[in-house]
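Trainee: What follows is a structure written as structure tokens; I'll ask about it next.
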Ligand SMILES: *[C@@H]1O[C@H](CO)[C@@H](O)[C@H](O)[C@H]1NC(C)=O
């Protein structure tokens, strides 16, 4: 096993910790906001500024995690099977497609749509269904996972593939929390709008 993944490297566990920490952090904080308006209060009562603050924090945490990931890969052995032309080509395709999914979904959703604005009561007028959302329901998560895998292959590191499996698992768990919660926020708005409509008649 040692020839694939060097489990004695602390950097491996630091990267794994960052991978687990990030979605845990933003889900915890977003729910605090939803229940107690914690971030809105911190932003002086302005939900939009609160959301921008969370966006900047999540974005920065992502950069730090990516740095830990690359650092961890540097400390790991490469494997010849992952250094073939095929593997290198796949790496380029994965990183390119992954970045396209992430960037186009940010473009489609805007800052507040991307960074959990719905927990702040900042809702989209309607659910975005065009590209990249007609390819996958969670382009941000799948795009990010593809970039992790592409990076692992690019450097030819089995440990990167292992960390990518962790990223995938953590995102699946995050989605299992986020998707029903977001759906309920929008369902609640629809119920309230209908109730308002009836009163207005
Ligand atoms: C997604 O939508 C884009 C345009 O918005 C279109 O070009 C593309 O073919 C669609 N893809 C799928 C898989 O439906």
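Here the Cβ of each residue, glycine as well, is placed from N, Cα and C on the backbone.
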Trainee: Identify the topological domain of residue 77 and of residue 179 in TrEMBL, and say whether both name the same side of the membrane.
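Mentor: Yes, same side.
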Trainee: For the feature transmembrane segment as recorded in TrEMBL, pick the matching range from 155-175, 176-196.
Mentor: 155-175
Trainee: With pairs restricted to those 6 or more apart in sequence, evaluate whether the transmembrane segment (155-175) and the transmembrane segment (42-65) have 3+ C-beta pairs under 8 Å.
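Mentor: Contact between the transmembrane segment (155-175) and the transmembrane segment (42-65): absent.
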Trainee: Hey, what's the widest CA-to-CA gap across 96, 97, 98, 178, 179, the S-adenosyl-L-methionine contacts in the record, in Å?
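Mentor: In whole numbers, the farthest two Cα atoms are 26 Å apart.
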Trainee: Quickly jot the same-chain residues contacting the topological domain 'Cytoplasmic' (177-201) by Cβ under 8 Å, restricted to those at least six beyond its ends, or write none.
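Mentor: Long-range Cβ neighbours of the topological domain 'Cytoplasmic' (177-201): 27, 31, 34, 118-119, 123, 127, 137-138.
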